[in-house]
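Q: Below: one structure in structure tokens.
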Amino acid sequence: MRRLGCPKNGGDANQGQLDWQTPRTFDNIYYKNLIQKKGLLESDQVLFSAGGFTAGIVYEYSNNASKFNADFAAAMVKMGDLKPLVGDKVTNNYTPCKAQLSPTFYNVKCPNVLQIIKNSTRTAISSNPRMAAGLLRLHFHDCFVQGCDASIFLKDDPFKGIISERTALPNIFSVVGFDVIEAAKSKVEKECPGVVSCADILMVAVRDAVEMVGGPSWSVKLGRRDSTTANRRLAEKILPAAKAPLDSIIKVFNDSGLSVRDLVALSGAHTIGQVQCFLFRDRIYNDKSDIDPGFAKTRRRDCPITHGHTRRAPLDLVTPQLFDNNYFKNLIQRKGLLESDQVLFSAGGSTASIVSEYSSIPSKFMSDFAAAMVKLSDLGTLVGEKGVIRRVCSQLP
Ligand code: HEM
């Protein structure tokens, strides 16, 4: 259809409507067009086709016209605030008008919140040591899908348009830890109702959990708010699978602003926690796999070829409950349980040299992991007037 007004030869100055359906109305049809692959400019279409956060936001605006209108207005105000050029300087450095996250955000409004979360997390981990791993994965799966906004907690709610991420394939029967955060949240609500977001509670609990099992600590910036949306389709598209090729894992991390070094450091989270048999069975029964044969044999004992799909094995065979750098030592010995782990070393190149570095310098792994967690925690945060403070993490107010 577009070729009619834009012949292959000539007609260079002919004009085409950017929004082919309602070109004279300021509405959200532009986003609907992108989902139908009907964006006219490449720079428009890529917002959806590239996946990642931009695609999640395109979905959100296509379903929620008032959200688009509100965000558009807010962004116009921000754009109006950009520092004008002064004197004879030409620069593209500017300071956006941005609500800030801060480690002291709740100091006045809820001074005991950090201690309440720490106590809750400690209780959960002492009754189930695997919970540190559970919370860490819950955090990753929340932040990767439309940002660290507790969207993963929301349960299906057809009246509010919520199609839950909890039941997305990478999460269902797999991600745990929701109850731990709900328990902490209800204690926090008793002390300071309607003040602290679920997203922030998760963030602090994960930091504490990692430290409690021997990992590094870091300062958590606070003041995030909870989303009013969830995105199951995006969760299924973006969360990496155990057999995903390395290129695609690197890409999905890069799309979220995380480097190859961040990827390798964050993969070190697999120094704790467990994985279900059906996710590594092919690898331990495949004679052509690069897996260490003795390790494969050991793992076969608890993961039979025909049954026991959901039996679990530790991701780190040496110190499964301790946050240390044995995960990287295992990879060098070809004892990575998931293909997506082993490939970080077997593929050679930059990921392999970072694996070697972390296996020989544990302190470097710890500091890079902490730095990457801070980056992960900054993804797509809702601040200021955006989002809500949920009273119960699984429900919208
Ligand atoms: C790089 C790509 C990644 C892939 C392909 C991947 C894949 C997986 C898979 C398949 C499992 C086992 C799930 C199950 O058995 O139900 C798992 C577990 C786990 N993942 Fe990842 N993961 C990745 C990155 C990460 C990151 C970045 C983190 C955190 C920062 C993380 C933290 C964990 C933890 C702690 C567990 C154990 C959870 C438990 O015991 O409940 N993973 N991962």
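Glycine is no exception: its Cβ is also placed from the backbone N, Cα and C atoms.
Unlike curated records, TrEMBL annotations are generated automatically.
Since the structure is predicted, the reported quantities are computational estimates derived from the model, not experimental observations.
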Q: Quick one: which of Cys143, Cys148, Cys192, Cys198 does TrEMBL link to Cys110 by a disulfide?
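A: Record-based pairing for Cys110: Cys192.
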Q: Thr228, Thr229, Thr271, Thr381: which one does TrEMBL list with Asp316, Thr319, Asp324 for the Ca(2+) 2 site?
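A: The record-listed residue among the candidates is Thr271.
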Q: TrEMBL pairs Cys143 with one of Cys97, Cys148 in a disulfide bond, so which one is it?
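A: Here TrEMBL pairs Cys143 in a disulfide with Cys148.
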Q: Quick check on the binding-site residues: of Gly147, Pro240, whose CB has the lowest count of neighbouring CB atoms inside 10 Å?
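A: Lowest Cβ count within 10 Å among the binding-site residues (Gly147, Pro240) is Pro240.
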Q: Determine which residues of the same chain, besides Asp142, Val145, Gly147, Asp149, Ser151, Glu165, have their CB within 8 A of the center of the CB atoms at the recorded Ca(2+) 1 site, and list them by sequence.
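A: Neighbours within 8 Å of the Cβ centroid, excluding Asp142, Val145, Gly147, Asp149, Ser151, Glu165: His141, Cys143, Phe144, Gln146, Cys148, Ala150, Ile152, Ser227, Ala230, Asn231, Ala235, Gly380.
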Q: Roughly where does the domain 'Plant heme peroxidase family profile' (1-101) sit in mean pLDDT, to the nearest integer?
A: 78
Q: Tell me which of the recorded positions Cys110, Cys148, Cys198, Thr271, Thr319 ends up closest to Glu165 (Ca(2+) 1 binding site) in space, Cα to Cα.
A: Cys148
Q: Suppose we screen the binding-site residues Glu165, Asp316, Thr319 by Cβ distance to ligand 1 with a cut-off under 6 Å; which survive, in sequence order?
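A: The ones that qualify number zero, so the answer is none.
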